[in-house]
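Taken from Swiss-Prot as is:
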- C50: active site, nucleophile (ACT_SITE)
- T49, C50, N51, R52, S109, E114, Q115, Q116, Q120: substrate binding site (BINDING)
- G189, A190, G191, S192, M193, G194: NADP(+) binding site (BINDING)
- H99: site 'Important for activity' (SITE)
Amino acid sequence: MSVLLFGVSHRSAPVSVLEQLSTDESDQAKIVDQVLQSSLVTEAMVLSTCNRVEVYAVVDAFHGGLSVIGQVLAEHCGMSLNDLTKYAYVRYAEAAVEHLFAVASGLDSAVIGEQQVLGQVRRAYTSAEANHTVGRTLHELSQRALSVGKRVHSETGIDAAGASVVSVALDIAEAKLGSLAGRTAVVIGAGSMGALSAKHLVRAGIERVHVVNRSLPRARRLAQSLLDQGVTADAHTLDDIAHALADADVVITSTGAVRPVVSLADAHRGLTGRPEHRRLVICDLGMPRDVEPAIAGLPGVNVIDMERIQREPSARAAASDADAARSIVAAEVANYLAGQRMAEVTPTVTALRQRAADVVEAELLRLDNRLPELDAAHRAEVAKTVRRVVDKLLHAPTVRVKQLASAPGGDSYAEALRELFELDQQAVDAVAAGELPLLPIELDKSE
């Protein structure tokens, strides 16, 4: 069984398609449940961010698994499978591992090097684990991806080179408005992105922030954190968006809502009576979009969406930092795959040791029957000698086969071992399933 990835992202599809594919936690659980109804799929999880929807699955067959995942996603977004595949990409086995490591490292983000995706990978895994839809393969893959992402961010300068989506959006806003110091902002959404937006606004010297959120208590908590930092702030529900827009210079919105939260009517009401020369920049970081497209056509209004952010030079990390990150990812992929190949041969090695132990026990029993006059001391010495000989004979080939199996293409060595020693595949599978004990080779160091 191998890992199969079916995905659509900002690199393969326009925002309109990503909007159709956007998912919340409930949608993700349904997608995984539907995928797992197929006997071809044994594990699955969904990674959904503002820029991508990816399904990672452990499948018994490539084409069959691909068909299952594609059909489920097509039904979810209301597209035909043929139309969806125009925007999709597929990665399998080693390529799927490399892709997830790159994603967790921020190398595949709209803003190269941003760190938010690492938390999104963690949440995708945590959610799948809570729903019992990941097993050993996706567990190990996800944990290693998180580790790789942390290593890339700690050992390279990609964090500084690749700014967050919010900081890039605010850079564009400042290019249009001038300094944000002393200005008024609206933050729509009081979750993690809202908190990040507020943090960047404080750094930019913003004077006043209207926090708008579906839940007023959450809006109040974020507003209070701004007040604690010396920034004037108040809290509003979504019904007050028009009021909040009235004196705003910049808006940052990222709610994860399934439909726009800022309507054209809201914008008309909020902008009525504003001086004609006063400009408003709206940073729409939502996916689907939080802002009705028609708002971009209003006089004095600039809407910055994710497609615009992707075109910004500051959204791309410095070449040297990105290259360093890619080198780390490549090395980690090689190490991970070597470990996986070695793990695959281990049950075969263990089954061989188990068979050798069974042969030894059978021969010792035969010896007991033939030489019943042997006393306990001599019988123990003979048993020790026989086991030592078997251990020494097996040690070099079993160590070597693990080394050979860890190299690319090394999966054939496990099969060769099974053929040479006529090992029963069921016995090997039993070891892999944990039904047989793992028997270590114990060499007598005194000899």
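Keep in mind that glycine also has a Cβ here, set from the backbone N, Cα and C atoms.
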Exercise for the section: For the recorded substrate site, enumerate neighbouring residues of the same chain (Cβ within 8 Å of the Cβ centroid of T49, C50, N51, R52, S109, E114, Q115, Q116, Q120, site residues themselves excluded), in sequence order. Expected result: G106, A110, V117, V165
Fill in the blank from the handout: Close in space but at least six residues away in sequence, with Cβ under 8 Å from that of H99 (site 'Important for activity'), the same-chain residues are L5, G7, R91, D108
Fill in the blank from the handout: Across the binding-site residues (G189, G194), the Cβ with the fewest other Cβ atoms inside 10 Å is that of G194
Practice task
Just give me the nearest neighbour of Q115 (substrate binding site) among the binding-site residues G189, A190, G191, S192, Cα to Cα.
Solution key: S192
Practice task
Excluding G189, A190, G191, S192, M193, G194, please set out which residues of the same chain place their CB within 8 Å of the center of the CB atoms of the NADP(+) site, keeping sequence order.
Solution key: V187, A195, L196, S197, N213, L222, S254, T255
Completion exercise
Across Q120, S192, listed as binding-site residues, the smallest other-CB tally within 10 A is for S192
Problem - Q120 (substrate binding site) and A190 (NADP(+) binding site), distance between Cα atoms, whole Å - result: 17
Fill in the blank from the handout: Quick note, T49 (substrate binding site) and G189 (NADP(+) binding site): C-alpha atoms separated, nearest Å, by 16
Exercise for the section: Fewest other Cβ atoms within 10 Å: which of the binding-site residues N51, Q115 wins that one? Let me know. Expected result: Q115
Practice task
Using all protein chains in view, find how many other C-beta atoms are within 10 Å of the C-beta of A190 (NADP(+) binding site).
Solution key: 26
Exercise for the section: State the Cα to Cα distance, in Å, between M193 (NADP(+) binding site) and Q120 (substrate binding site), rounded to an integer. Expected result: 12
Fill in the blank from the handout: Comparing the Cα of G194 (NADP(+) binding site) with the Cα atoms of the recorded positions C50, N51, S109, the shortest distance belongs to C50
Problem - Proximal but sequence-remote residues of the same chain as C50 (active site, nucleophile) (Cβ under 8 Å, at least 6 apart) - result: V165, S254, L285, G286, M287, M306
Practice task
Measuring Cα to Cα, tell me the gap between N51 (substrate binding site) and S192 (NADP(+) binding site) in whole angstrom.
Solution key: 16
